[in-house]
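The annotation domain 'Glycoside hydrolase family 65 N-terminal' is assigned in TrEMBL to 24-180. Positions annotated as domain 'Glycoside hydrolase family 65 central catalytic' by TrEMBL: 330-689. TrEMBL lists W364, D365, K601, Q602 with the feature substrate binding site. The feature active site, proton donor is assigned by TrEMBL to E495. Under the heading domain 'Glycoside hydrolase family 65 C-terminal', TrEMBL lists 705-759.
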Amino acid sequence: MRIEQSPEFQIHLQNLRHKEPLYLETIYNVGNGHLGVRDSNPLQGNNLDYIGSPGLFVNGFFDYNDVSYGEKYTEYPENDQVINRLCDPRYIRIKIADEDSATDHFQVDNIDKNLDMQTGLLHEIFSVTTPENRNFNLVIESFASLSKQNVYGIKYSIIPTNFDEEVEIIKVHDYINQQTHQQNEDVRVNQSVGQMQLDFIHDNGQPSYLVTTFRSQQGLILTYQAGENKLPDPPIEYFMDEDRHYGYHSKYFAKRGSQKEFSFLFAIGDIHPLVNAQMYSDQYVSALDNYIRDTTFRSELMASAQVWQTFWLHSDVVIDGDPAIQQSLRFNLFELNQSAGRDEYTSIPAKGLTGNGYGGHFFWDTEIFMMPFFSYTQPKLAKKLLMFRYHTLQIAKEQASEFGLKKGAMYAWRTINGYESSSYWLAGMAQFHINADIAFSVEQYYTITGDEEFLKKYGYEIILETARFWMQYGNFAEINGKQHFVINKVTGPDEYSALVDNNYYTNVMAQFNLRLAVKYATQFSNDDILSQLNVSGKEIDQMKEAADLMYLPFDKEKNIKIQYQDFEQLPRMDISKVDQSKFPLLLHYHPLMLYRYQVNKQADTIMADILFPLGNPIEELKADYEFYEPITTHDSSLSKAMYAIAASRVGKHRQSYDFFSQAVKTDLMNSHHNTQNGIHAGSLGAAWMGVVYGFAGIVNNAKHFSLEPKLPSAWNSIKFKLRLHGNECLFTIYQDEVQIELMSGKGIEVYVYNKRVKVEPENSKMVCEY
Ligand code: BGC
């Protein structure tokens, strides 16, 4: 296979000298769902003066930190979890004559960086100048393998420009707890770090480490091999220094203009309980070594590039008529694929594997904003993400019981290992909607894939236990003389309000959750599932009653859904009068200065309109939009893409396009000014939703798939593939026509503006005007 670079798949930023180094570290990360490596300055390693935030993150590898409270009430989480920052595999030490990059300041300038999203290869050129003015070009190629999740490859080439000297390269990683430069006191950046210990595993002919965490008692093994050089290239030799630190080095006489290459393949292990990792470290090392032995940097790169090609074949979105948006959207899909855990025991951190912002935690972001992309384009991966929730269901049940509820599961608002990790519980744990979000995502996966086996074996249990949570947390009560089911003291998606009664979004999601539990209990009435899960007819009747009587605050006069019960009593904040320097508001105001106003950090009630597009009269959607849009700051990056969808549905096409084009560029254009802390994975997924749910107008429910496209006037067409019930369909949407082509599968019916279209193997392409 040859690697051909197609220009529309390159992230090739210009004027690198004027770009913030930390932003570049994030944008040019490479990852594969198991590991992620920031694009650090390769000569800096653990240097304290380094203004950077380098690191290797392994999905699910974390440590605990104490949370200290002024007043710690019962059931407040004792610990915070934080993803560990391991040693930077990009690090290399270079000695030239008597100058040493580890002790002398080598000036490293970015000359060129290109991320080829088609192959996952990052290609960089640095110009390095020593204090004595020796200069060389350092070319680095690196990738995180998609074909072998444990493998990371890096290749260095050294080209002296103005000297002939002896050069030594040294590759030793003898530190963890990487020093980082903290920029500010942003609450969204996790300031705490895990405490790890690094032990060299006894001399086995290549550098191997055991990294263990003090508090979470996890262990991980890491090993690497040097690629073999052929003459006349200098050999790379294994060595041990006086501190019994193992590594590789190579010494040679470098002539100006000459180019020497050194390649390394890392195998970065899975996470084990500490005792196992210690006991079986030799076995684990040799198992890991199998991934990188008898192979080369190039063949691993090729194998990985092939998987990237398959990814794009099924998951690309092609926009004709908007190159800037096209590039950003591809970047977003690329990053999503780099971030998603694939082992059923990890999910997608809010910052992907590109930083320790938000502690590396998983939130509702996965289920509501990223799962649609995966369920529609990579259902196998989507299932693995849902399995993470299944495997942590017991923890969620334990949490509900410790909290004092008799039944049900209470999923953590933010977590790595399943346990709650939000110390600010008002805008954290109280976001109980996470439970219904997960159930919603199970149903969405099922309606898209038709995977009944998953539903029966795993999905229904999640749906049932989360429905049980609502029955426990909420209660029946009378409001204005009428019986209702109410859910009080919750925080909805909008984090500029907290601990409210009857948040519309939460209640409508809980209602859906309860209805799912009832629907499948009826459907599975002849199965053993119900008795296995101890479901009684009475319990199901109560769930049905609660769903039917769910209180959904609504203002009949204004024809709007109300964010929560007393929301209308609050004064409206005129956000157009707030000084621009005060955004995001959360960094400048005490929460109580926000909770007392009608002001939204992000789409809240509007989320209900988006997730349940059917059955809402357009006038009502319009009224919601006009009421909430002026008070929404979009301080959360999850917001604008949602408003783009809402605007498109109510016919505000200009606004829809504007919101979308800002949302899609969140990271590439650094529009929230904090991409340096990591990508905004939820926002990247939300942008895909903007195209597919917004402009293509795709709606799916248990009965059928439909689309009502409204293409932005600047675009000639959009093209994407979706997998619907095992059928892969290619949709090409023009300004007034849709083409649907069956790429594989037995055939499926789709509705285009209520017109029924059927694609079948014998009649695989249909054109439908609208
Ligand atoms: C948002 C949450 C989100 C979290 C992680 C917060 O700023 O308000 O909705 O889950 O970021 O992305």
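Cβ atoms here come from the backbone N, Cα and C positions, even for glycine.
This view paints the features noted in TrEMBL onto the structure.
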residue : record                    : DSSP (3 states)
W364    : substrate binding site    : helix
E495    : active site, proton donor : coil
K601    : substrate binding site    : coil
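Binding of substrate is attributed in the record to W364, D365, K601, Q602, and the widest Cα separation among these residues amounts to 16 Å.
Of all the binding-site residues given, namely W364, D365, K601, Q602, those whose Cα is no farther than the 10 Å limit from the Cα of E495 (active site, proton donor) are K601, Q602. For E495 (active site, proton donor), the Cβ neighbour count at a 10 Å cut-off comes to 22, with all displayed protein chains included.
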